[in-house]
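Undergrad: Relevant sequence annotations retrieved from TrEMBL are reproduced here:
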type     : residues      : note
ACT_SITE : Glu137        : active site
BINDING  : Asp42, Asp136 : Mg(2+) binding site
COMPBIAS : 1-10          : compositional bias 'Basic and acidic residues'
DOMAIN   : 38-218        : domain 'UmuC'
REGION   : 1-31          : region 'Disordered'
REGION   : 416-438       : region 'Disordered'
SITE     : Tyr47         : site 'Substrate discrimination'
Amino acid sequence: MARSQLDRGPHAAYPHGTGRPGGGPVAGPDADDTGCTVLHVDMDAFYASVSLLDHPELVGQPVVVGGSGGRGVVLSATYEARALGVHSAMPMGRARRLAPHAVVLPPDHRRYAEVSAGVMEVFRSTTPDVEPLSVDEAFLDVRGSMRRLGTPRQIAGQIRARVLDEQGVTCSVGVATTKFVAKLASSRCKPDGLCVVPADGVVEYLHPLPVGALWGVGEKTAEHLERLGLRTVGDVAHTPRTTLLRALGEATGAHLAALAWGRDPRPVVGRPAEKSIGAEETFSSDVDDEAVVLREVLRLSELTAARLRAGGLVARTVVLKVRFADFATITRSRTLDERTDVSREVYGAARALWEALRLDRARIRLVGVRVEGLSSAASAHHQMRLDDRDRGWREADRATDRATARFGSASVTSASLLRGRRGDPGSSGVRPATRPEV
């Protein structure tokens, strides 16, 4: 995959239009990175980019990833589709009207989990100070890695190169003295860009930007600020603090007053260990066919177990979630005798929980599978008995993971899921509509 024009042309390298009095740019890939030890790394159109790894013939075309049913929404879109007005969380029907010739691909969460795990491993091999925000973005504090890896700019370049080489997708990196400015910089150099905001240029960089650039300013707050005559970050910065507190409330006013001057004292902190892993799906129309529900429970169980293995974890408790047509929701859980990352064991527990509900043609809107009681797989596997009855299933799961990583998720599929595909014998024709992840 070729590097973006953002690394080359002058307008692409410095897309913000701000500059110093002498004509030099305030921020860009070559700006002074002294003291800029905070990085924000954000994958570019992550779900769509990962989907294209298995469909290279679609590169350069408008592609939309999401549920195709009546309740389907856009999970992600390539930049070609975004140019036509498509964006995440948009109803799929509207996306099709805006981009009638776009290719629609179903989500592949197992693949996303695998690539995300690989990306996070790149981050953690760079620095232990990693604060993930989601599956496709994180803050890094690289001050402890500079003696080993070089300047913050050089480290950012190494991360971009490794993510591309090892995972096949691109990312954009903002380099700054604070989390707020680093995140803002990465968002404004997409796709496949690098932007350094120098320590002595933060105010000059921020003040020409619209108020919507401030972290936490949504559409309604921006409209309120504009009614007050505050259209740029500089306008907010030069408004008396008391005026902001009176107009926006103490918490919001103080927050924006600090950000407008580039003040953000929050450190990069590692996320606490995950307490649960899971997946859920909303059907495109309510389902009362038990076979259809169980096929979906099987798929979600396999996805959840794959995420466990990708994260090097095992779980002790399996949780089943069921939401009915009237939006009433129930959860049931079962604690296993031993911790596991085996798809068969997760599904067995989830199916037993379903059967214990004894539902008679109940109309189901959503099902979910979640695992809890997580711990390191390395220590758990070390304690397993030599006559482990599930060793064969565990090895089969590992083989599936390897095939999926190499050939895509369609390369190995449970026979039950094959029978459930549209057009296959026994299929109900009902497809789950995936909701966007945030």
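Using N, Cα and C of the backbone, Cβ positions are placed for all residues, glycine too.
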Undergrad: Please identify, from the recorded positions Tyr47, Asp136, the residue with the sparsest Cβ neighbourhood, meaning fewest other Cβ atoms within 10 angstroms.
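TA: Output over recorded positions Tyr47, Asp136: least Cβ neighbours within 10 Å is Asp136.
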Undergrad: Cα-Cα separation of Asp42 (Mg(2+) binding site) and the residue listed as 'active site', in Å?
TA: 4
Undergrad: Whose Cβ, among the recorded positions Asp42, Glu137, has more other Cβ atoms within 10 Å than any of the rest?
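TA: The largest 10 Å Cβ neighbour count belongs to Asp42.
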Undergrad: Provide, as an integer number of angstrom, the distance between the C-alpha atoms of the residue listed as 'active site' and Tyr47 (site 'Substrate discrimination').
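TA: Cα-Cα, rounded: 12 Å.
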Undergrad: As a test of reading the model: what is the averaged pLDDT for the domain 'UmuC' (38-218)?
TA: 94
Undergrad: Between the Cα atoms of Tyr47 (site 'Substrate discrimination') and Asp136 (Mg(2+) binding site), find the distance and write it as a whole number of Å.
TA: 9
